[in-house]
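TrEMBL annotations:
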type	residues	note
TRANSMEM	23-44	transmembrane segment
TRANSMEM	92-111	transmembrane segment
TRANSMEM	123-148	transmembrane segment
TRANSMEM	160-181	transmembrane segment
TRANSMEM	193-214	transmembrane segment
TRANSMEM	234-251	transmembrane segment
TRANSMEM	263-282	transmembrane segment
TRANSMEM	288-306	transmembrane segment
TRANSMEM	313-331	transmembrane segment
Amino acid sequence: MIIYWAIWMYICLCNILTSYNKVFSKIIFIFTAFFLFFIIGFRYEVGGDWFNYLFFYDLAKYEQLSSIILGPDMGYNLLNYMGNHLGFKDTIFVNAVCAAIVVGCLLNLALKWRYYWLLLLSYFPYHILAVSMGYTRQSVAIALSLLAFHYLFQQRIQRFLIYIILAALFHKTAVVLLLFAPIVLQAKFKSNHILYSLYMFFSLIIISLMMYYFSLQEQNLYLQGNEELSSKGFFLRWAYHTIPLGLYWFYRQQFQHKIQQHLLDFFVLLIVYMLFLGIAFSTLADRLNLYLVFFDLYVLNAVFAWSNLKSRLILLFILMGSYTLFMWLWFFQGVWALQAWVPYQNYIAIYLRRHAF
């Protein structure tokens, strides 16, 4: 467990001490991203679905390539197929490729934004520590969706569609994010408020039905046994949005671009809807809620840009305190983290210990 807290303290210190105007800070950030790639990609027996993923990896050696290409979650299953035929005995190849995609997307997005260390501060406590190191398929889908949303906010709809389709190849639930695209088209063509409101309402119904359908399709070992555990902490994970939601409410008028406002409003609608959906269907809400992290990252980055140094430091310490509390609760009050994430083990460290020392 020490390694998780050490990385967290390092990220916090970098947020406090960094100067975003210096190239050296970006170099350190890039090296940090490579380090996280090794931590995520070469982990050994870490994560809630580790042994379930091993089971499906072994099954992939008997699958026909045509059935994989035509089947669900083709991207992830194709990696399983390739790993088997390349001679890897377990999921090290799959995890390394998925980690490269996750870290690559995160690095790509972070360096496009001014406050890249802040992005890592917000993304690490759950989306790296828990999701990327535990639930590989959806971690890739979420990472790809970050870039998709980045391009959507730039009104580059074709790129948005491409990245969402790629995300859906790893986790089919990403398909529901396509419902964000009409928001941009509506704002571009200045549709009336009645049509806009109707779309918002019916989109919630469509999203609920799609998520329910996908959950029925996934009655397999990826969920069985872990589904209840993965949903117990939903409200804690939803609370992750509270600070960005408060900031958006306070600074909403600063987001002057109409399309930008409409997209963020739709995020807010979904986040609030997830809270109510989670009361009855926590697993469904949990799955979609993970994709909504882009709202947090975008709002925090924007507010930092508008704030003076004193306000930034205050907000930074509030974020560090709340995220640290979140990690503590996840580790010590949850029933899953200590079982599946501790102790941390790594293929490279194991190899060096056995053969080099």
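Every residue, even glycine, has its Cβ placed from backbone N, Cα and C.
Counting Cβ pairs closer than 8 Å to the transmembrane segment (313-331), the top stretch among 23-44, 160-181, 193-214, 234-251, 263-282 is 234-251.
Residues 126, 264, 268, 271, 274-275, 278, 282-283, 285-286, 289-290, 292-293, 295-296, 299-300, 302-303, 306, 315, 318-319, 322, 326, 329-330 of the same chain lie 6+ residues outside the transmembrane segment (234-251) yet bring a C-beta within less than 8 angstroms of a C-beta in it. Most Cβ pairs within less than 8 Å of the transmembrane segment (23-44), among stretches 123-148, 193-214, 263-282, belong to 123-148.
Comparing 92-111, 123-148, 193-214 for CB pairs under 8 angstroms to the transmembrane segment (263-282), the maximum falls on 193-214. Sequence-distant contacts of the transmembrane segment (123-148), counting only residues of its own chain at least 6 positions beyond either end whose CB sits under 8 Å from a CB of the stretch, comprise 4, 7-8, 11, 36, 39-40, 43, 46-50, 53, 73, 75-76, 94-95, 98-99, 101-102, 104-106, 108-109, 159-164, 166-168, 170-171, 173-174, 177, 222, 230, 237, 240, 287, 290-291, 293-294, 297, 323, 326-327, 330, 337, 340-341.
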